[in-house]
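Participant: Sharing the feature lines straight out of TrEMBL:
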type	residues	note
BINDING	I14, Q15, G16, R29, S80	substrate binding site
DOMAIN	20-238	domain 'Radical SAM core'
BINDING	C33, C37, C40	[4Fe-4S] cluster binding site
BINDING	W39, C40, D41, G82, S126, P127, K128	S-adenosyl-L-methionine binding site
BINDING	S42	Mg(2+) binding site
Amino acid sequence: MSKIPVIEIFGPTIQGEGMVVGQKTMFVRTAGCDYSCSWCDSSFTWDGSGKHLIVQMTAEEIWSELKRLGGSGFSFVTISGGNPALIQNLQELIAILKEHDIKIGVETQGSRWQKWMYEIDELTISPKPPSSGMTTDYLVLSDIFEKLKNRNSNYHVSLKIVVFNQADYDYAKQIHHRYPMIPFYLQVGNDDLTTTDNARLIIHLLDKYHALIDRVIKDEELRDVKVLPQLHALVWGNKRGV
Ligand SMILES: C[S@@+](CC[C@H](N)C(=O)[O-])C[C@H]1O[C@@H](n2cnc3c(N)ncnc32)[C@H](O)[C@@H]1O
Ligand SMILES: Nc1nc2[nH]cc(C(=O)O)c2c(=O)[nH]1
Ligand code: SF4
Ligand SMILES: [Mg+2]
């Protein structure tokens, strides 16, 4: 069996972001990213600081670890990263999860297509706004939505844009305008990734959530949108592995 670079496996927890927010889930976080967002809250997956944590695992080994941690108490697994879409051979893991009736979520930025995306129940595509320092490849992004548009309606895809400033907000609107049929989420950006003062962080993030909501309320051009915080940041702050 081929191996997958895994940097952490954790859960059960709740999905703190986007289209299935609140969902009880396990997480598998793959190592490596083709981006280097200025504000990445998981930079240990690609900046070398988490190198010692990377384990090459077979799909069977990942499944064993999920069972060891979660027992029979989960029915959903979220694969995030890094960018899981860098990994071609996620097929075996996906097959094992499906054999066990586990629903699958994936978090990726829309910079790469993989065939296994056809089989993901809840696929979140999160293109990166200007504040990240990254540039969007619209050919790849459009190709992903084009390929996924005829899937069975039990499968879902969404767009989730993190917003830090006005330029990000304008970018998000432009993305929504390009792909109006894709369910569209705005997410509050966390600009304090190192604090351990959760009480202060929570107040700060709620202030930012408030400001983003106000902006959307006033904006007649943005109608079909869901505005969310990172729920896990409000519950656990910057703690890793939750
Ligand atoms: C760490 S990324 C991993 C998956 C994939 N590389 C991606 O970016 O979609 C998971 C999600 O966290 C979001 N994210 C990363 N840093 C963030 C921050 N500082 N504040 C809010 N969301 C953040 C990303 O935009 C993405 O939607
Ligand atoms: N609880 C929880 N929800 C999340 N949603 C997306 C996450 C991610 O880092 O991809 C994440 C995470 O790390 N924890
Ligand atoms: S694409 Fe995702 S994992 Fe990669 S640097 Fe950006 S936020 Fe981090
Ligand atoms: Mg995260």
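Quick reminder: no glycine exception, Cβ is built from N, Cα and C everywhere.
Bear in mind that TrEMBL entries carry predicted annotations, made automatically and left uncurated.
Owing to the predicted nature of the structure, the values given are computational and were not obtained by experimental measurement.
Map the listed features onto the structure and describe their local environment.
Facilitator: Classification of G16 (substrate binding site) by DSSP places it in coil, neither helical nor stranded.
Counted within 10 Å of its Cβ, the other Cβ atoms near C40 ([4Fe-4S] cluster binding site) come to 18, all protein chains included.
Every protein chain considered, the tally of other Cβ atoms within 10 Å of the Cβ of W39 (S-adenosyl-L-methionine binding site) stands at 16.
When other Cβ atoms within 10 Å of the Cβ of S42 (Mg(2+) binding site) are tallied across all protein chains shown, the result is 19.
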Participant: Are there any residues in the same chain, six or more apart in sequence, whose C-beta is under 8 angstroms from the C-beta of K128 (S-adenosyl-L-methionine binding site), and if so which?
Facilitator: Y35, C37, Q109, M134, T136, V162
Participant: At the level of the C-alpha atoms, what whole-angstrom distance separates P127 (S-adenosyl-L-methionine binding site) and R29 (substrate binding site)?
Facilitator: 18
Participant: Around S80 (substrate binding site), how many other C-beta atoms are within 10 angstroms of its C-beta?
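Facilitator: A 10 Å sphere around the Cβ of S80 (substrate binding site) contains 20 other Cβ atoms.
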Participant: Just checking: which of the binding-site residues G16, W39, C40, D41, S42, S80 have a C-beta under 6 Å from ligand 1?
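Facilitator: Correct list: W39, C40, D41, S42, S80.
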Participant: Can you name the residues of this chain that are 6 or more positions from R29 (substrate binding site) yet have a C-beta less than 8 Å from its C-beta?
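Facilitator: In sequence order, the residues whose Cβ lies under 8 Å from that of R29 (substrate binding site) (at least 6 apart) are V6, I7, E8, I9, F10, S42, T45, I79, S80, G81, G82.
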Participant: Apart from I14, Q15, G16, R29, S80, which residues in this chain have a Cβ no more than 8 Å from the mean position of the Cβ atoms of those residues at the substrate site?
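Facilitator: Sorted by sequence, the hits are T13, E17, T25, F27, T78, E107, H232.
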